[in-house]
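Trainee: Input: one structure, supplied below.
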Amino acid sequence: MSFPRGSYDPAASNSSPWWPLSAEDANSSWEAAGHQKGSDPSGDVRNEELAKLEIAVLAVIFVVAVLGNSSVLLALHRTPRKTSRMHLFIRHLSLADLAVAFFQVLPQLCWDITYRFRGPDWLCRVVKHLQVFAMFASAYMLVVMTADRYIAVCHPLKTLQQPTRRSRLMIAASWVLSFLLSTPQYFIFSMIEIEVNNGTKTQDCWATFIQPWGTRAYVTWMTSGVFVVPVVILGTCYGFICYHIWRNVRGKTASRQSKGSGEDVAPFHKGLLVTPCVSSVKTISRAKIRTVKMTFVIVTAYILCWAPFFIVQMWSVWDDNFIWTDSENPSITITALLASLNSCCNPWIYMFFSGHLLQDCVQSFPCCQRMVQKFTKDDSDNMSRRHTSYSNNRSPTNSTGTWKDSPKSSRSIRFIPVST
């Protein structure tokens, strides 16, 4: 995954097109790094050690994302349980994360390996469009799933009005909106001829911006559309969910206390009668805990994965003192690459909170199933042996001595005649 470079590539750059710099910015960064003004900043070289690190990180992310999301899809396909609306959203979220793996991470991995983009102009435009499309799809699928949970908890009566149809419309809207918002990539990126190695010409897939505000406008728009807006919506929806459940629990608790004191008075809140939406306090408590935990994990994972990338992007275009060689810092490069790690986390988060999905996923693989059966059998045998040993060492009086050592064993029993 990457944001565009500008119309000129400094010598210090790696193969990943991370920071969109103009020719003037690149030259000033080269001079600020301590090079002479007359030296050539256009050598077609890169930091090979850092490039190898980028390739390794992207390869691991790609493998983990594909395996994790494919396992979720396989578990959903083979589960014997009835498919719910949440399963529908999880399925499409996994598809969106697979799009991130194949349309975003994999092209960037190939690009890092070849250093320069190898392909015609139309392929350059398509690749850049699909990369951003995957970013939008993964973020917006999470948003519509959160919106569905908000409707289910805060407006339960609306779930009776064709809930499956509404869910499918929300999912379709997120896919279409993601495609439309990423369409400008076709007009921003193209194969551009650049000058390297003292006048040698080559081509690469770059973006062309109106200077000096074009780059800032693009990065700010992407940061707002992919990160800021989804985080605000996620936080707002889950905030209402937690508040609604907390108010429901408080109303139910007050009702129980009034019944215990013999007062037949319903709890009031701001002059309105508070009626619990769920019939069981225990059920509400579990739902509250599960919602709070899932909220914390989802929002935290999303922010931790995406925040470093967008912080670096915004810093690079809004800080006039930003030096190009700062992008060669391995820590900055790796934190930017880890944005795609969110697609690796999502399947395991939902399998953990869904419970049975993890079991269905394990049962989908024969090797894992045999391993689980072996461990279960070993545990059963160990329990059986412990139970047998415990039973043999207990006396008829449940003392710790053995049967033959018991004072009430068979040899001390006296047969007393019974009168008839």
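Backbone N, Cα and C atoms are what each Cβ position is placed from, and that goes for glycine too.
Source: prediction; values computed, not measured.
The annotation compositional bias 'Polar residues' is assigned in Swiss-Prot to 389-403. If you look up Swiss-Prot, you'll see Asn27, Asn198 marked as N-linked glycosylation site, on the strength of sequence analysis. Annotated S-palmitoyl cysteine per Swiss-Prot: Cys367, Cys368, in sequence order, evidence recorded as similarity to another entry. As annotated by Swiss-Prot, phosphoserine applies to Ser406. Taken from Swiss-Prot, the feature topological domain 'Cytoplasmic' covers 76-92, 147-168, 247-294, 353-420, and the record attributes it to sequence analysis. Residues annotated as transmembrane segment in Swiss-Prot, with sequence analysis given as evidence: 55-75, 93-113, 126-146, 169-189, 226-246, 295-315, 332-352.
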Trainee: So which residues does the transmembrane segment (169-189) touch in its own chain, when a touch means Cβ under 8 Å and the partner is 6 or more beyond its ends?
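Mentor: Cβ under 8 Å, 6 or more out: 4, 88-89, 92, 124-125, 128-133, 135-137, 140-141, 143-144, 147-148, 205-209, 218, 225.
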Trainee: Could you tell me what the rest of the chain brings near the transmembrane segment (332-352), counting residues at least six beyond its ends with Cβ under 8 Å?
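Mentor: Hits for the transmembrane segment (332-352): 1, 14, 16, 18, 50, 53-54, 57-58, 61, 64-65, 68-69, 71-72, 75, 90, 93-94, 97-98, 100-101, 104-105, 138, 142, 294, 297-298, 301-302, 305-306, 308-310, 312-313, 326, 358, 361.
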Trainee: What stretch, picked from 55-75, 93-113, 226-246, has the most CB pairs under 8 A with the transmembrane segment (126-146)?
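Mentor: Ranked by Cβ pairs under 8 Å, first place goes to 93-113.
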Trainee: Can you find at least 3 Cβ pairs under 8 Å between the transmembrane segment (93-113) and the transmembrane segment (55-75), where each pair is 6 or more residues apart in sequence?
Mentor: yes
